[in-house]
Structure formats: C-alpha cells, structure tokens
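> Sharing a structure, written as structure tokens. Questions coming.
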Amino acid sequence: MRSRYFLMIFVLSLFLRIFLLDAESLWLDEGSSVRFANLKIDEIIKSTKTDANPPLYYIILHLWIKMFGDSEASVRFPSVIFGIITVIILYKLCLKFWDEKVALISSLIAGISVFQVFYSQEARMYAMMCLLSVFSFFYFLEILENESIKHYIFYSLVNILLLYTHLYSFFIIFAQLIFVAFYERAKFKSFILTLFVSFLFFTPRFLIVLNQVKEILLFGRFWLPKPDFVELMKTLIQFAGATYPMPRDESGNVILNRLIIEYLSSAILLLVMLAMVVFSIFGFKKFTAGKRKTYIILWLWFIIPILTPFILSQFLTPFYFTRYVIASSIPFYCLVSIGVESCDDIRLKRYILGIILFLSVVNLAWYYGKTNKEEWREAVKFIEERAGERDLIIANKYVFYYYSTRKDVEKVQLQDIFLQNEHKLIGKLRQLSQKYERIWYVSSHEPELEEIIFKNLSNLMYFSMRKKFLGIEIFLFEKVKG
C-alpha cells in the first residue's frame, strides 16, 4: 500500500517536471549555464573564478551536453533528475525519522509544488543544491541516531558537493552546527572534525570565495536591493506556489484580474500552510524524543538559511534572494505535513489536505498557462526574420547567440568595451553608425549600457522602432538618408 501511494506521487512529480520542459526559451542565467558548460572542464574551473557560483554544476552539465546535446530540454533535464530524486530522498527521510503519513504528505506537497517544479525545469544549480541539502540532512540525522564511520563519510562527501554547488551551502551547514552545539555536545568534536574534512576539500575554492565575498560585502559589487519584511513574505508565498514574473499582455501591461486570482490562490495556500506549521507546534509535547529532535532540526533547516543572509543583508551589501534559499522550502513542507497529520479530526485533516492539493493544482495551472522566462527565442526570431545583410545586431548576452541562425548578418558585443572605457564605446558606436544601414540593439539587464547606446545611436541615426519581449527590449536605428 505504502509503495503504491508513493509510486503515484513519483509518477505525478516526474510528469509535472517533464511536461512542457522545452516550451519556453532559455533565459539569461540558463544561457550563462550553457556558455560555461560548453567550455572544457579546465576552462570551466578557470572561468568560474570570476563567477559567483562554484563550478560543480557546470561540470556536470558539461558532461551531460557531451552525451545528449544542448537543446533546451536536454540542458534542463539534469534539474528534472535532481528534482525527482529530491522527492524520493525527502520521502525516505520523513519515513525513517518521522512516519509514513508525513512522508507521503511531504513528498506530495514537494512533488506538486510550483516552486519546486519551476527550478526542476531550469538549467541552473538550484534543484541540485536542494537535493544535496536533503541528502546532507538525511545523513546528519543518521549520525545523530547511529554514529558510524559510513554515515560520517557520506555526510562529509555530500557537504563537499554542496559547497561546490552554491555558496548558500554555508548557511545550510550552519543550521546543523547550531543544533549540535546546543543539543548534541557529546558529538560536537566528531562533527567539527567531519566539517573540517569537508572544508579541507573545499580549500582550492576557498580563497576565490573569500575574494568574492570581500568584493560583494565590502565594496557593494552585487545587484540585489536590501531585503525587507515584504521580501520575506515573497519568499514564503513563492514556497506556496506564486510564480514570477507577473502575468502580462502582449504590450507588457500587468493583467490585473489574473494577477489577483493567481496571487489570491497562493496567499490562501500560504495562510493554510502557515496555520499547519503553527498547529504542529502544539503537538510538540506528544512527539517522541526522536521526533522532537527531528522537529527542532526541521525548524533550524527552515529558518537559519533564510534569516542568516537576510540579517547580514541589513548591515552588509545585500545578497538575499529567494531562489538561493530553495533548500528551506523542503523543511517548510515537512512542517506543514506534520501539522496536517497532528489534526485529530480525520474529516478536518482531509479538508485541509484537499485545500492544499486543490490550490496547488490551481497554481500549477497558472504556471503552465503563462510565460515565466525571458523570451529570447522569440526575440531572436523577430530580428532575424527582418534583418538585412547590411544590418548590424548589437547583442551582449550569450543566450542571443545560442538561438541565432543567421550567419549573413554581422553581430557584435559591446559589453567589454563599455567596461574598459565609456569614451571608447561612444567612438565605436560612431564608427558602426557610419558603416551599417541599420543597427538592431538587443537590451536585457544592462540599464547603464542601454542608456549610453540608445542616447548615442539616437543622435547618430534615426530611431525607428522599439519592440518588447519578456525581459528583453529591441531597438532599431536606421541611417538618415540624404
């Protein structure tokens, strides 16, 4: 019976992650993943020295592309695998350290969560980080229950992989350290020794990380605003299933009625989930000693990786972002499940679970029914269907070249020139305006560069068209005749 129910959850979770996998274009960050992954492994390691993310995910994607190519579905499929294994390991974790019903409910909520599905359909490292965090806590709990060399080795190995996946891994491990320091002092020395081994293997990357952290925290070289309470609520509502960006029409205007309905369903779902999390607290005295320990760990896993960067971002350069705390969504779903299972009234329990499932399905319908990623495929097609042989395309993002098929139209990147010298960029624009009949400029996530290019080309040529796609703007400039 148990295996049959979980098999249904597994099949449903897999279907949701594969469904419409390549329906949307790669967006900017996914293009960056493909760019790194198409390098040689030694070049990936070298290139990521200036990237905020460690190289492990890119190396795995590199090996995957070697075997299966770099189509949209192919480069996203490793995240599908990470996402579905997360559901499996979550089930095993809850089954071993709680009970069967909580295991089924937790894996079901995670399996149909829009938040989890979204990152399981993205060619980035977040699904992988989430999976490794579940593995890390699984072996952490194994060590607390039954110390053995095998468990320590697996725990250390998983943490090494975690550290080489994303820097927020430090906050995940910090949550475990807090628990051991306060509740398992007898194991503290063994735990510290295990962490030392993990960090020892991370040493080659550590100096790079220190330099990056120095630049980010002290010199303000990051792009995120200071998070506030609203940002925390955005994190929770995304855990519940709200998706970004907001629904828009073809002109880029927010579709208000859809926005209200979509966010209303997520807000109601979040309130129900939070009520269950609070309700779980009242059952604490009824828990066995082992479950109390697991319960406290779930809370630390949920809170510490969120609050630590949030608090640090109040005093240092902000670096808090919801997708970076994806690992905390898993214990959140577990706490919700414990709250549901703590209800003594079977009818009420069924109603609550029914509401959670119904609203999750509503959120899935919104997710699959709208555009969630930048429309690079559509933008490139729009330009290349209209560009002439004497035109120039200014495109600074790799993802443009991923989709570009026109070899007869010249393309140029000006990002490096801009970073070197603004006056040199202006001179380059003057030369280009004299050489080409028309210039297409593709802008995305580059406001300063866009301002300079638009201002100068508008003075040198006739600004004839502007076209918006999700996350992208296209400008067309034509040579003034006569």
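From the backbone N, Cα and C atoms, a Cβ is placed for every residue, glycine too.
What TrEMBL records for 53-203 is domain 'Glycosyltransferase RgtA/B/C/D-like'. The transmembrane segment annotation in TrEMBL covers 77-95, 102-119, 153-182, 188-208, 259-284, 296-315, 321-339, 351-369.
So that I understand the layout, could you describe where these features sit and how close they are to other parts?
Across the residues of the domain 'Glycosyltransferase RgtA/B/C/D-like' (53-203), the predicted structure has a mean pLDDT of 96.
Counting same-chain residues at least six beyond the ends of the transmembrane segment (77-95), those with a Cβ under 8 angstroms from any Cβ of the stretch are 6, 9-10, 13-14, 17-18, 21, 60-61, 64, 68, 102-104, 106-107, 110-111, 116-117, 119-124, 126-128, 130-131, 134-135, 137-138, 141, 330, 333-334, 337.
Same-chain residues lying 6+ beyond the ends of the transmembrane segment (153-182) with a Cβ under 8 Å from its Cβ atoms: 52-57, 125-126, 128-129, 132-133, 135-137, 139-140, 142-143, 188, 191, 194-195, 197-199, 201-202, 205, 209, 212-213, 296-297, 300-301, 303-305, 308-309, 324-325, 327.
Same-chain residues lying 6 or more positions outside the transmembrane segment (321-339) and placing a CB less than 8 Å from one of its CB atoms are 86, 90, 94, 98, 102, 105-106, 109-110, 113, 115-116, 119, 126-127, 129-130, 133-134, 137, 166, 168, 172, 224, 231, 234-236, 238-239, 273, 275-280, 283, 295, 298-299, 301-303, 305-306, 309, 356.
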> At a threshold of under 8 Å on Cβ distances, which of 188-208, 259-284, 296-315, 351-369 pairs most often with the transmembrane segment (102-119)?
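Selected stretch: 351-369, with the most Cβ pairs under 8 Å.
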